[in-house]
């Protein structure tokens with residue numbers, strides 16, 4: 001410990017000795033210049049007195065810091081984390097301003113470590129919960145497909161076209177579930193997966209509507225797309241944004257009144273430096289008490305209790321993706337009258353691309 005202490009202050013010691021030597025030289029030259037004979041005793045006194053005071057000062061400083069430095073060394077050898085060290089140092093009063101700064105920094109690092117560890121643990125728990133829910137939801141299409149195959153083998157199934165249609169429905173559920181699971185896994189490495197680009201928003205939306213065309217026809221819902229006369233170019237990641245809009249369209253399809261010919265209105269508008277994409281349905285709406293929580297992970301609310309396909313992850317993932325792309329996503333709804341989901345793109349988009 002003493003060796004380390006002296007090595008850390010070697011520069012100060014050397015410059016102090018150099019200063020004493022310089023003082024002796026100046027005194028010697030002054031005496032010689034005056035014509036007197038320098039006394040060895042006086043010269044030694046000039047050397048010994050400052051040297052003794054310097055040594056005494058370092059000794060006092062070492063004694064003052066010894067207990068704290070010994071304690072820190074012991075903590076460094078035994079503590080399991082930086083937060084353990086930080087908590088322990090809080091109970092040990094620093095002796096110097098430098099020690100106080102180091103203690104403050106270690107405490108800050110410990111808090112940062114705990115925060116990141118807690119975030120990681122929550123992500124793992126969330127991933128585990130979602131995986132369990134996903135497996136549970138996927139059991140239904142597996143069971144249905146198995147039953148359909150058995151009926152086909154026994155010759156008790158309905159007509160072949162109906163059989164294929166039912167099989168396609170279950171396959172669609174599989175596709176949607178697998179896509180959500182894949183995007184959940186990719187979200188953890190979002191910053192490495194995102195690819196900013198400029199593209200036509202209306203063309204992307206038309207493509208997604210065509211992709212869900214069969215669902216619109218089956219549920220007797222009619223999409224209408226309203227776009228400005230000029231092409232609307234936005235900067236974003238098209239793959240991730242497509243996932244977000246697909247989730248919003250899927251929710252609009254799922255929670256609209258089925259088979260009555262209601263419209264689902266998709267509207268693109270530009271206002272100054274902002275572009276808005278809204279998807280409005282005339283479905284069952286969201287209860288007021290549930291609206292503030294619809295973007296929380298695993299929250300299904302009152303409507304989720306009546307919808308077997310609800311996982312509580314679709315809108316959560318959509319919100320997370322929009323936040324990381326620098327877009328805003330919010331919902332407006334009136335129970336029994338429908339819901340409007342809106343994405344806002346601003347001129348400073350893609351400025352918050354970070355990992356979860």
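Note that Cβ sites are derived from N, Cα and C of the backbone, with glycine treated the same way.
Taken from Swiss-Prot, the feature domain 'Histidine kinase' applies to 133-349, supported by sequence analysis. Residues or ranges marked as phosphohistidine by Swiss-Prot on the basis of sequence analysis: 136. Sequence annotations record features per position, and here Swiss-Prot assigns topological domain 'Cytoplasmic' to 1-11, 64-356 based on sequence analysis. Taken from Swiss-Prot, the feature topological domain 'Extracellular' applies to 33-42. The transmembrane segment annotation in Swiss-Prot covers 12-32, 43-63.
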| Chain-internal residues, separated by at least six, CB under 8 A from the residue listed as 'phosphohistidine' | none
| said: Within the same chain, where does the topological domain 'Extracellular' (33-42) have neighbours whose Cβ lies under 8 angstroms from its own Cβ atoms, ignoring anything closer than 6 residues to its ends? I mean 6 or more beyond. | reply: 27
| Long-range environment of the topological domain 'Cytoplasmic' (1-11) - Cβ separation under 8 angstroms, sequence gap at least 6 | 58, 62, 65-66, 69-70, 73
| note | Across the topological domain 'Cytoplasmic' (1-11), DSSP labelling yields 9 helix, 0 strand, 2 coil
| So how many of the residues in the topological domain 'Extracellular' (33-42) end up helix, strand or coil by DSSP? | 4 helix, 0 strand, 6 coil
